[in-house]
Amino acid sequence: QVSKKDFEGFRKLFHRFLQVKGPSVEWSKINRPPEDSIQPYDKIKAKGLPDYIADSLNKLVVVKLNGGLGTSMGCKGPKSLISVRNENTFLDLTVQQIEHLNKTYNADVPLVLMNSFNTDEDTKKILQKYTHHRVKIHTFNQSRYPRINKESLLPVAKDMAMTGENADVWYPPGHGDIYASFYNSGLLEQLIAEGKEYIFVSNIDNLGATVDLYILNHLVSQPNGKRCEFIMEVTDKTRADVKGGTLIQYDGKLRLLEIAQVPKAHVDEFKSVTKFKIFNTNNLWISLSAIKRLQEQNAMDMEIIVNPKTLDGGLNVIQLETAVGAAIKCFDNALGINVPRSRFLPVKTTSDLLLVMSNLYSLEAGSLTMSERREFPTTPHVKLGSSFTKVQEYLTRFESIPDMLELDHLTVSGDVTFGKHVSLKGTVIIIANHGDRIDIPAGSMLENKIVSGNLRILDH
């Protein structure tokens, strides 16, 4: 039954892929979104909160995208099971946050995890540890689609098996698949029947994506005729975010423009911080009844992202994907909200991990907030070299996480280790050339320093 539905979905996607020729946007038709279509967060917050916010919370479901593996950080299994802070994993922090909401407001906000065939089994095993927490947890699975040969455009898989030579011929088709797989799982109907109205969707590795009561209140307090069906949280671009998708006005509708859709000649323009000032955080608030309606009318239209991959044997394949935010143009009264940068705190690399493990952040009820003791709100720029890529290696190189309260910029390259209680301030660059090793002594304070050469500290 599941394979049938998967095949049906793939057939539709593949059919569209064969029909679409050329770029999916005409550059000349792109306009900046109108002023009122992207609201500043402060304006939403200024409305305050009603006395009975629990009523609004009871209409909410938190959905976390949990299809990804920890491979890019050198870990086996689901990424959500990597420890990020005081032995807490991404999943632990998510459960703590929602449990805290439910207890504080005497509410019933459930957590839904969208797993992929890569993460489902391991995630379900771990979920048993939350049975006595005050949060109901549901899961459903993303579709499983066949990778296709780049030349012949035929599936690489010979049969439905997942193991052996078939291990890497299937893929989960991106988070845009949430609408169809959520609907097909029956969970969407079940939650609507329980009186739920909105989902808050985000990546499980974005530690800034907590339930925001002001945005929720804005959603539920709209008059009936003007019900907002889709909110995308966006935030100001910095030089580090040039690849993030942005909101544009196109054919009279708000629309997400991803770098993959931009014609080559305009990529530099797309990356500029002046023309496209904001990017999509992938924190989304979406109406459940609208998803149901669009699925039933077969009206969910998302641009196809063609993702080229090379399999272990050297075979070139493509996988067809869609992005959850790309459906914004299908919903009524869609809105962007320009939120503070603190709502976008993704952990994609060990450099990000260093930031969230450090004293720059304090942890309370599963939520990370910037320490009061940091004088300015921006996060330091951290670049750890290839010796730090894998989490296990990274952990062995720090005897304890340095004090980074006054750090602006850290670059580390080569074979470098840090002793206990090191303090880093301003701009610190540490470079050990090939064959050299630098051990930063315990208790060191480095402020605006470049460290190079060879420094070994060995136990006597």
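Using the three backbone atoms N, Cα and C, a Cβ is placed for every residue, glycine included.
Automated prediction, rather than curation, is the source of TrEMBL annotations.
What TrEMBL records for this protein:
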- LYS79, GLN142, GLY174, ASP205, LYS348: UTP binding site (BINDING)
- HIS175: substrate binding site (BINDING)
Rank aside, I only need the closest one: which of the binding-site residues LYS79, GLN142, ASP205, LYS348 has its C-alpha nearest to that of the residue listed as 'substrate binding site'? GLN142
Same-chain residues at least 6 positions away from LYS348 (UTP binding site) with a Cβ under 8 Å from its Cβ, in sequence order, are SER72, ASP205
Just jot down the residues in the same chain as GLY174 (UTP binding site), at least 6 apart in sequence, with C-beta under 8 A of its C-beta; none if empty. ILE305, ASN307, GLU321, THR322, ALA323
Suppose we draw a 10 Å sphere around the Cβ of the residue listed as 'substrate binding site'. How many other Cβ atoms does it contain, all chains included? 23
UTP site residues LYS79, GLN142, GLY174, ASP205, LYS348: biggest Cα-Cα distance, Å? 21
Across every protein chain in view, the count of C-beta atoms other than its own within 10 A of the C-beta of LYS79 (UTP binding site) is 24
Looking at Cβ-Cβ distances, which residues of the chain lie under 8 angstroms from GLN142 (UTP binding site) while being 6 or more apart from it? GLY67, MET114, ASN115, SER116, PHE117, PRO172, PRO173, HIS175, ASP177, ILE178, SER181
A correct count of other C-beta atoms within 10 Å of the C-beta of ASP205 (UTP binding site) gives 22
